[in-house]
Amino acid sequence: MSADNNDHSPESHDVDHLGHEAHNHGSFRSYMIGFVLSVILTAIPFALVMTGALPPQATALIVMAFAVVQIVVHMIYFLHMNSKSEGGWTMLALIFTIIVVVIALSGSLWVMYHLNTNMMPATHEMSQMSS
Amino acid sequence: MSATATEIDPNVFHLEEEPHHEEGSSTMLGFWLYLMSDCLIFAMLFAVFGVLGGNYAAGPGPKELFDLELVAVNTAMLLFSSITYGFAMLAMDRNNQRQTLIWLAITGLFGLAFLGIELYEFAHLIHEGATPQRSAFLSAFFTLVGTHGLHVTFGIIWLVTLMVQVSWKGLIPANKRRLMCLSMFWHFLDVIWIGVFTFVYLLGMVR
């Protein structure tokens, strides 16, 4: 690869007095770490599901855990998230977004799951009536 | 009000001169906020899929429809495009315009490969009669995955636009800023794809 001769020094990543980072794009090393981790974290869930080595319940839990870890890896190594960029405002926006997303997702699934189960007897009766 | 208003108005408390901000100094934060709002759109679509994902309306389910090997190849395409965009950013840091353009082109090709495979999958599904109208599961599936694909499409258009701009004007600060925004957009789409292949494809197969 032609990109391995990067030699930018940490001095070029100075933070000015307003807290704006000059340019933090990571290094070749950090991108490769992120990439290798992502490949591993992608390959294992696919392998688990494709081979069916574990019972479905365990597979589902492991796959979801790997997804969460991989999202964090992407955030750190590809999106260069840290608590200091833009004076901490990107992190604050991210935390707020995560809170809203968690509320929306868990709320929707929880409410609609109970709605579904409570509606079940009606559809069940209907299917019994028709049969 | 009074003649002294031109001198010092006691009712005005702001600074006489606004603090000087460098041009584009707030662009990155603004773009990050846009990405967060985009994240909310995807969260809603994921919620829809989570709620409706099991309603097959006696039609085909994930096990009959999805080809995991194809999805794995697709995931690899997007992951490769992420790392090649990273290399483009590193080349940009070194002010190497030619390498930046080459890596951007490779990124674009991986993006196109991803889109091509996804369109092939969609065409295959529709050909089999698994159209968005078939069931709530398929409506939610096409909306979620299609929205992601649409984002990738616009990302590629943006990428080509920036390649033209960089080749015309070089790696000027404005172009660097634009490349950094697209970098965030591109990696963000990869993050969304992690959610898609996990919750739609992999969990669909074990459901």
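Note that Cβ sites are derived from N, Cα and C of the backbone, with glycine treated the same way.
What TrEMBL says about this one:
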DOMAIN    B:29-205  domain 'Heme-copper oxidase subunit III family profile'
TRANSMEM  B:31-58  transmembrane segment
TRANSMEM  B:70-88  transmembrane segment
TRANSMEM  B:100-120  transmembrane segment
TRANSMEM  B:140-164  transmembrane segment
TRANSMEM  B:185-204  transmembrane segment
For the transmembrane segment (B:31-58), which partner among B:70-88, B:140-164, B:185-204 gives the most CB pairs under 8 Å?
B:140-164
Which sequence-distant residues neighbour the transmembrane segment (B:70-88)? Criterion: at least 6 residues beyond either end, Cβ under 8 Å.
99-100, 103-104, 106-107, 110-111, 113-114, 117-118, 120-121, 152, 179, 182-183, 186-187, 189-190, 193, 197, 201
Restricting to the same chain and to residues at least six past its boundaries, which positions have a Cβ under 8 Å from a Cβ of the transmembrane segment (B:140-164)?
38, 41-42, 45-46, 48-49, 51-53, 78, 101, 104-105, 107-108, 111-112, 114-115, 118-119, 122, 132, 175, 178-179, 182, 185-186, 189, 192-193, 196, 200
Over the domain 'Heme-copper oxidase subunit III family profile' (B:29-205), what does the predicted model average in pLDDT?
95
